[in-house]
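Single-structure report; data block below.
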Amino acid sequence: MSTTTRERRAGAAGPTGSAALRTPDRRTPTRRSRAARTTAMALLMLAPALLALFFLRVLPMITAVGQSFQSTSLATGTTSFAGIENYAYLFTDPGFHAVLGVTLLFNLVLNPAIVVLSAALALLTVQNVPLVGLWRSLIFVPAAVPGAVVALIWSTALQPDGLVNSILETIGLPPQPFLTSANQAAFSIGIMVTWGAIGYWMIFIIAGLKDIPESLYEAAALDGAGWWRRLFAITLPLLKRPMSFVLIACTVGSFLVFAPVQVLTKGGPNGATNFIMYDIYNRAYLLNDLGVGQAEVVVLMLLLSIIVAIQFRLLREEKS
């Protein structure tokens with residue numbers, strides 16, 4: 001074969017080979033395209049939850065902020081701009097000061113009690129006792145019942161001629177004005193809320209207990225540590241994070257208590273159970289002052305944000 005023929009064939013094959021080297025393999029997706037598809041799929045899967053969160057949580061908050069600067073009459077349907085008048089009225093109202101005091105005191109007593117009782121039940125139900133699954137289920141049942149139904153059950157039991165007073169009379173004790181005494185009404189609601197909450201939060205603390213390595217207990221037992229020593233040296237320190245989460249969540253839930261007050265006491269007697277959520281409902285819909293009620297909603301959101309931020313800050317400092 002002549003040199004000219006070989007050069008001609010090489011020249012014909014050369015561009016084709018170079019083009020083949022320059023052409024990317026379209027069948028193999030790049031790393032960037034795979035990441036984009038993964039992100040798109042994740043957003044698609046999250047879209048229903050994000051939409052529900054926006055319409056059920058974010059949008060009502062934005063609406064509340066807007067309406068807190070308005071004066072709205074539900075009776076006439078008229079609305080006018082009020083500026084900061086609603087907030088000025090709220091912060092100078094002695095009734096609102098009393099509401100804040102009652103709500104804060106209720107939370108200071110209730111939340112630690114729920115955390116301690118939930119932890120105690122969790123510790124008891126992780127032991128090797130007969131029918132432990134049954135006991136856990138029975139403790140959890142009140143948490144599965146709607147709050148309004150729980151309130152109706154307790155309302156019947158705490159009436160002057162109800163079950164609790166009947167038991168007291170049977171054992172020789174005088175009947176108690178559980179729902180009509182200013183000294184006992186908030187305590188009675190606290191008992192009811194605790195009864196309905198401890199089973200739910202117990203599950204979270206049980207999950208924390210399951211994460212503690214068994215080898216730590218075995219090593220402590222070899223060193224002669226008893227049950228109480230292991231509890232305070234191993235269990236409780238390693239339960240700080242789940243118990244802190246329970247405390248933060250309880251704080252939010254306790255500030256939002258409404259159904260028990262609505263069913264049992266209507267905020268009485270003498271404002272002893274007029275917690276902030278019921279006061280918002282009372283101002284907005286019973287007293288027909290929607291603007292002040294929405295201003296109180298905004299104050300509640302800010303108060304909860306501050307309390308939760310402080311709790312998270314303390315939790316971070318303990319971790320560091």
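Every residue gets a Cβ built from N, Cα and C, even glycine.
Sequence annotations record features per position, and here TrEMBL assigns region 'Disordered' to 1-33.
The annotation compositional bias 'Basic and acidic residues' is assigned in TrEMBL to 1-10.
The transmembrane segment annotation in TrEMBL covers 40-59 (among others).
As annotated by TrEMBL, transmembrane segment applies to 98-126 (among others).
The domain 'ABC transmembrane type-1' annotation in TrEMBL covers 100-311.
The transmembrane segment annotation in TrEMBL covers 138-157 (among others).
Within the chain carrying the transmembrane segment (185-209), a Cβ under 8 angstroms from the stretch's Cβ atoms is held by residues 102, 105-106, 109-110, 113-115, 117-119, 121-123, 125-126, 136, 139-143, 145, 147, 150-151, 154, 158, 178-179, 235, 238-239, 241-243, 245-246, 249-250, 253-254, 257, 260-261, 264-265, 268-269, 272-273, all 6 or more beyond its ends. Residues annotated as transmembrane segment in TrEMBL: 185-209 (among others).
Residues annotated as transmembrane segment in TrEMBL: 245-265 (among others).
Using a Cβ-Cβ cut-off under 8 Å and counting only residues 6 or more beyond its ends in the same chain, the transmembrane segment (297-315) has close neighbours at 61, 64-65, 68, 87, 90, 240-241, 244, 247-248, 251-252, 255, 276-277, 280. Sequence annotations record features per position, and here TrEMBL assigns transmembrane segment to 297-315 (among others).
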When counting C-beta pairs under 8 angstroms to the transmembrane segment (98-126), the leading stretch of 40-59, 138-157, 245-265 is 245-265
For the transmembrane segment (245-265), sequence-distant contacts whose Cβ falls under 8 Å of one of its Cβ atoms, 6 or more beyond its ends
103, 106-107, 110-112, 114-115, 118, 147-148, 150-152, 154-155, 158, 179, 185, 188-189, 192-193, 197, 201, 204-205, 272-278, 281, 300, 303-304, 307-308, 311-312
